[in-house]
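Pulled from Swiss-Prot, these are the features on record:
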- Glu28, Lys78, Gly171, Val172, Gly173, Lys174, Thr175, Ser176: ATP binding site (BINDING)
- 128-160: region 'Disordered' (REGION)
- 130-148: compositional bias 'Low complexity' (COMPBIAS)
Amino acid sequence: MSIPGLGQIAPQAPTTTQRTINLRPFGEWRFSIPHQHSTFSSNSSAAGVTVRLVAGTAERDGTELAPNCVYTFLPGTKSKLFTDQGCTLEINNTGGYPLEDRVVEHPPEQSPMLSYINLHFGLQDHERAAAAQAQQQHPTHHQQQQQGRGAGAGVARSKPGPRVLICGPPGVGKTSLAKLLAALATRMGSQPLVANLNPTDGLLCLPGTLGAAVFGTLMDVEEPAGGFGVTNTPISGPSAVPVKNPLTFYFGHEKVEDDVDMWRQMTERLAVLARRKFERNRDVRVAGLLVDTAPVEAGDKEGQELLGWAVRQFDANFVVVLGSEQLKTELGQRFASEKTSFEEPITVLGLDKSDGAVQIDKAWRQKSTETAIKEYFFGGIKARLSPFTQSASFDELVVFKAPDEPYEGAPVLERVEITPEMAHWTLAVMIASVTDSPQAIRFSSVLGFIVIADVDQERRRVKFLSPVSGRLGNHPLIWGRWPEPYLNLLA
């Protein structure tokens, strides 16, 4: 059937979303992609904003982009691409995301990146000095045989590489600097140990945790956390980049001040394990340590006291203060007379924050937390995972919880009954036994996480989501106070 006039309607030209950006040396392309809304399907072929490096060099937080390779940046990403030599980028937003972006170009001498790169080279000098001392005090097995010495000879304690603690007020780019220094170190063949003491941001794990991991391989530039996210850990399938194996403690709170005593004890425990890593792995010992911390402002005496605690526990010999000259002055006075266990002075360095660093608002952080939980169980765009829905009786699960209001003499954990209030909460599965003491369970490392999907009080059964099949065995669970149950993963 013919409809008059229909054939005269000209076909609508497709809207082009592709554009080209030219950056001069030390230029940046800064971008923000809002978190995914229901109008955008994660199954769409246009899952995010794609970027291709056409010419020149570019990097994200120290990790280089390969030429002519298409990178997809996903919703929930706030970041930048930097070039030290100049580059041409091809940007494509066929998914129609409300992309916010701009080009920023500084003269090299005015770019904060110059000071960050200079810091990296300064740390490399200390690493080379540590390597030379380690080589002298700990010859290789072949060298020992040539010198007629036994394999156990030369075990004198050598000085490790630089131990750097990064601090500053909120929104100055502390985590971005930690990523940058870690990525630049790995590009030089180093294997630094990176530790996170800020429970608001999990390192290779869910928020609400403290942890550490060795970074000796390429970091994932595409994922929203830029190499520090949960998708960079081992999964049941192929991975686009080499995975990292974090050591994680479950803090269970959003902020350090929610339980300062617990934070101190976990920081001390993490530092002990870091020293053991130094003792067992020569390459890590030489590369040193990067410690990312929770926000601390000038005049915050309690926060600065906690920084001092972390400096002493990790034996840091460099304290990098971002974005606050006053805080740098106060910490310089605090550490002026202190030395490390190797009789090194504690050097306090002040660096300007990038004018692109912004403070993350509560709504964005909440969506980021939800996304991290989803990706832990279901994977991301590049690697889909299929979690297992399991059912167990109340008697099969042993759940502990920290007191809601910590008080002097309070137990670190109390065993609790399973209740409907647990629905949609994320519980930590501990590397411990249900017969261990509450103290041992609390300070055990994390095996993984489950989400309580439903609690049937009448039948005394609980349904939960787990990344692996099989029973939990005698592993105890800890029910924290954060992350809160924002969503129903099985909805």
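Quick reminder: no glycine exception, Cβ is built from N, Cα and C everywhere.
Once the Cα atoms of Glu28, Lys78, Gly171, Val172, Gly173, Lys174, Thr175, Ser176, the listed binders of ATP, are compared pairwise, the greatest separation found is 18 Å. Most buried of the binding-site residues Lys78, Lys174, judged by other Cβ atoms within 10 Å, is Lys174. Around the Cβ of Gly171 (ATP binding site), the number of neighbouring Cβ atoms within 10 Å comes to 15. For Glu28 (ATP binding site), the Cβ neighbour count at a 10 Å cut-off comes to 22, with all displayed protein chains included. With a cut-off of 8 Å between CB atoms and residues at least 6 apart in sequence, the same chain places Leu322, Gly323, Lys353, Ser354, Gly356, Ala357 near Gly173 (ATP binding site), listed in sequence order.
Sequence-distant neighbours of Thr175 (ATP binding site) (same chain, six or more apart, CB under 8 Å from its CB) are Asn198, Asp201, Phe228, Asp292, listed in sequence order.
In the structure as shown, the Cβ atom of Val172 (ATP binding site) sits within 10 Å of 24 other Cβ atoms. Long-range C-beta contacts of Ser176 (ATP binding site), restricted to its own chain and to partners at least six residues apart, with a cutoff below 8 Å, comprise Asp61, Gly226, Ser354, Ala357.
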